[in-house]
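Participant: For reference, the structure I am asking about is given below.
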Amino acid sequence: MAKRDYYEVLGVSKTASDDEIKKAYRKLAMKYHPDRNPDNAEAEDKFKEASEAYEVLSDSEKRSMYDRMGHNAFEGGGGGGFGGFSAEDIFSQFGDIFGGAFGGGGRQQQRQRRGSDLRYVMELSLEEAVRGVKKTITFTAPAPCEVCDGKGSKNPNDVETCRTCHGTGQVRMQQGFFSVQQTCGTCRGQGKIIKNPCQSCHGSGVADRQQTLEVTIPAGVDNGDRVRLSGKGEAVRDGQAGDLYVEVVVREHEIFQRDGADLYMDVPVSIADAALGKEIEIPTLEGRVSLKIPEGTQTGKLFRLRGKGVRPVRSSMVGDLLCRVVVETPVNLTSRQRELFKELQATLDGDEHSSSPKKKSFFDRLFD
């Protein structure tokens, strides 16, 4: 089943402010929270859907990516979607706004740690960017330690639950009328104490490792577009790995220049073909096509080939190819060619106004 538009899920416009997005999510979260709707699968699905939408639209970078690429921005790693995010973590951002409103408001939970997001720059040809491509990338990033299986200790018995916070990673301090939750200083928020750390990772549970992934780049991407690979960023012990963002850089093309959905190119035309007119062949991204050059074509004349441009991500419209004529003046003339040009020059000197319309308008303006 196709995912709904995130703005539609929250019931806000695409120009909604951060505050409007937060209020919309809070309203839906209050309505569909599982504690208010026990054994209601439909309410649980709506709560998760709203939380997923809020996770993206409340983050300026993710929102910008979504506005440009839609759900494609987060489905490049094969796994798709938002496999690792926690709706409860998002929900907890509202703190005491919800505290005590639901059955679980008073219980203490360990906030799951999350690794840092990583960035990988992928260089593409224009053809790859326009058509989409699958590429294999290799990079080095912190991954679960293979010696201790990411536990921080080879022997599970050497890992104890922190006695200060009882494994939650946080402690509650009473300050007057208010109860404040803080990171446990004994275990530093880990919830566990390692008595005998792994010698390979020194108890961190992670180690740098070379990784290889296949990335699917959707058709129509442009410079600066990013694809998110959920959970492929920095790994952390007893926590959620960050994401890997693959940023697209499109190499300069020898023929075409891209501007949004449109492509531009210069078409060299001989002075004879420009004067007399001719049907020529030009390249496009889909193969060669014919272009009719009318008699008397001047440098700078633009011809538009509709539908020969690019279909951007999240668009059903295909741009155009705009061909700019560049009339070439011949060089290294033979003696015969020089004679012919002199003859032509002699015939044009007395009739330059009719044969050179731009020259005529130039001198008319000059002497007005």
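Backbone N, Cα and C define each Cβ position, glycine as well.
Okay, these came from Swiss-Prot:
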| type | residues | note |
| --- | --- | --- |
| BINDING | Cys145, Cys148, Cys198, Cys201 | Zn(2+) 1 binding site |
| COMPBIAS | 350-368 | compositional bias 'Basic and acidic residues' |
| DOMAIN | 5-70 | domain 'J' |
| REGION | 349-368 | region 'Disordered' |
| ZN_FING | 132-210 | zinc finger |
Participant: Are there residues of the same chain, six or more positions away from Cys148 (Zn(2+) 1 binding site), whose CB falls under 8 angstroms from its CB, and which are they?
Facilitator: Lys154, Cys198, Ser200, Cys201, Gly205
Participant: Tally of helix, strand and coil residues over the zinc finger (132-210) according to DSSP?
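Facilitator: Residue counts in helix, strand and coil order: 3 helix, 35 strand, 41 coil.
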Participant: Which residues of the same chain, at least 6 positions away in sequence, have a Cβ lying under 8 Å from the Cβ of Cys145 (Zn(2+) 1 binding site)?
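Facilitator: Set apart from Cys145 (Zn(2+) 1 binding site) by at least 6 residues yet with Cβ under 8 Å, we have Lys151, Gly152, Cys198, Ser200, Cys201, Ser204, Gly205, Val206, Ala207.
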Participant: Per DSSP, what is the helix/strand/coil residue tally across the domain 'J' (5-70)?
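Facilitator: For the domain 'J' (5-70), the helix, strand and coil counts are 48 helix, 0 strand, 18 coil.
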Participant: Within 8 Å of the Cβ centre of Cys145, Cys148, Cys198, Cys201, which other residues of the chain have their Cβ, at the recorded Zn(2+) 1 site?
Facilitator: Glu146, Val147, Asp149, Gly150, Lys151, Gly152, Ser153, Lys154, Pro197, Gln199, Ser200, His202, Gly203, Ser204, Gly205, Val206, Ala207
Participant: Give the number of CB atoms, excluding that of Cys198 (Zn(2+) 1 binding site) itself, located within 10 Å of its CB.
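Facilitator: Taking all protein chains shown, Cys198 (Zn(2+) 1 binding site) has 23 Cβ neighbours within 10 Å.
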